[in-house]
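From Swiss-Prot, for reference:
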- 5-25: transmembrane segment (TRANSMEM)
- 36-130: domain '2Fe-2S ferredoxin-type' (DOMAIN)
- Cys73, Cys79, Cys82, Cys114: [2Fe-2S] cluster binding site (BINDING)
- 133-273: domain 'FAD-binding FR-type' (DOMAIN)
Amino acid sequence: MSDSVILALGIAAFTVIVLVLVAIILFAKSKLVDSGDITIGINDDPEKAITLPAGSKLLGALASKGIFVSSACGGGGSCGQCIVKVKNGGGEILPTELSHINKREAKEGYRLACQVNVKGNMEVELPEEIFGVKKWECTVISNDNKATFIKELKLAIPEGEEVPFRAGGYIQIEAEPHVVNYKDFDIPEEYHEDWDKYDLWRYVSKVDEHIIRAYSMASYPEEKGIIMLNVRIATPPPRQPDAPPGQMSSYIWSLKAGDKVTISGPFGEFFAKETDAEMVFIGGGAGMAPMRSHIFDQLKRLHSKRKMSFWYGARSKREIFYQEDFDQLQAENPNFVWHVALSDALPEDNWTGYTGFIHNVLYENYLKNHEAPEDCEYYMCGPPVMNAAVIKMLKDLGVEDENILLDDFGG
């Protein structure tokens, strides 16, 4: 047999082997890899069903069809907000979901939409209010410091549009990949002391992917055409100076008037109860946002006559904001009072008001002698340590869970 024949047979054999392997791979792919279009039935309503290619996560699949499920962490599985009920399909619940979903909920079909792989036809159940959620490209009106580490971001909604939110609600804000240099931040001189002390100007935030985060609104429904946020910059803690700074807060702090920003919403469950009970608002830091929204809504839109008070904790006098607004509301509404407590007042503050942590101030100066603290409704938003201290104090007073309403987004 000539060398040329042997070579030809070798090539032919090799080709056959390659073709067989390709066939095996294609067969395996057809069985194991998602392909083709699938249908997701929603709320047993044929008109709400969506059809799309298999292979994505449920959160992204719904978003691609204009159905936006809340996800403060942007689909990372850490916030636990994107809970939906999967009635059919979706596979087994994953370990990453079990920190947010208990055994009873898992048995009933509740899942994190960001963790569910869409491999075949599915049936899901979504809250009806989700179908009112939309996206808007907004324009930055202003982005000004209200405290050392808090900016007020004011956004203009596109002309002719409106975000039909309720006081206490929140929106999600999006950002594309970007690089932010802290040295480029526009921060008034009066707030430079801590920035210089900790050399915060040295930080750089580099983000390589699309991100989404949730922020409570400081605006209230009657402030038409705008969305207002209070955003605290998430700098690395002093004991971990090499940790990366907060991605979204860094991005928001870099925004300037005229910049475009994509938001979606409205979302929320931190809403005021429709009762005649006394309302006690407790806030700290950027937790001011939903407090402002609620109090303005109660007094300026609803003209509520319910007895209400607002207790706000700040470090020093320069960390107090919206003071003139709340002073005016107090002067105009005999049913409303507000108090500030400074935890670290400066000598130059010449502060004669309350001092200490806000939960202690609230207890010592009001609730300790209140005839029925368990009958009040408590609305709070602030740093986790504040929230925990307030909740413990209220529990010790006999306040039931149903009268303790917490917004986790402030801090």
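Glycine is treated like the rest: Cβ placed from N, Cα and C.
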Tell me the Cβ neighbour count for Cys82 ([2Fe-2S] cluster binding site), meaning other Cβ atoms within 10 Å of its Cβ, over all protein chains shown.
24
Give the three-state DSSP assignment (helix, strand or coil) for Cys73 ([2Fe-2S] cluster binding site).
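It is coil.
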Determine which residues of the same chain, besides Cys73, Cys79, Cys82, Cys114, have their CB within 8 A of the center of the CB atoms at the recorded [2Fe-2S] cluster site, and list them by sequence.
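Not counting the recorded site residues, we get Leu59, Ser70, Ser71, Ala72, Gly74, Gly75, Gly76, Gly77, Ser78, Gly80, Gln81, Leu112, Ala113.
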Among all the protein chains here, how many other CB atoms are within 10 A of the CB of Cys114 ([2Fe-2S] cluster binding site)?
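Result for Cys114 ([2Fe-2S] cluster binding site): 25 neighbouring Cβ atoms inside 10 Å.
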Here are the binding-site residues: Cys73, Cys79. Which has the lowest count of other Cβ atoms within 10 Å?
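Checked Cys73, Cys79; of these binding-site residues, fewest Cβ neighbours within 10 Å: Cys73.
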Count up the helix, strand and coil residues in the domain 'FAD-binding FR-type' (133-273) according to DSSP, in that order.
23 helix, 57 strand, 61 coil
If H, G and I count as helix, E and B as strand, and all else as coil, what does DSSP give for Cys82 ([2Fe-2S] cluster binding site)?
coil
Looking only at DSSP and grouping its letters into three states, which state does Cys114 ([2Fe-2S] cluster binding site) belong to?
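Its secondary structure by DSSP: helix.
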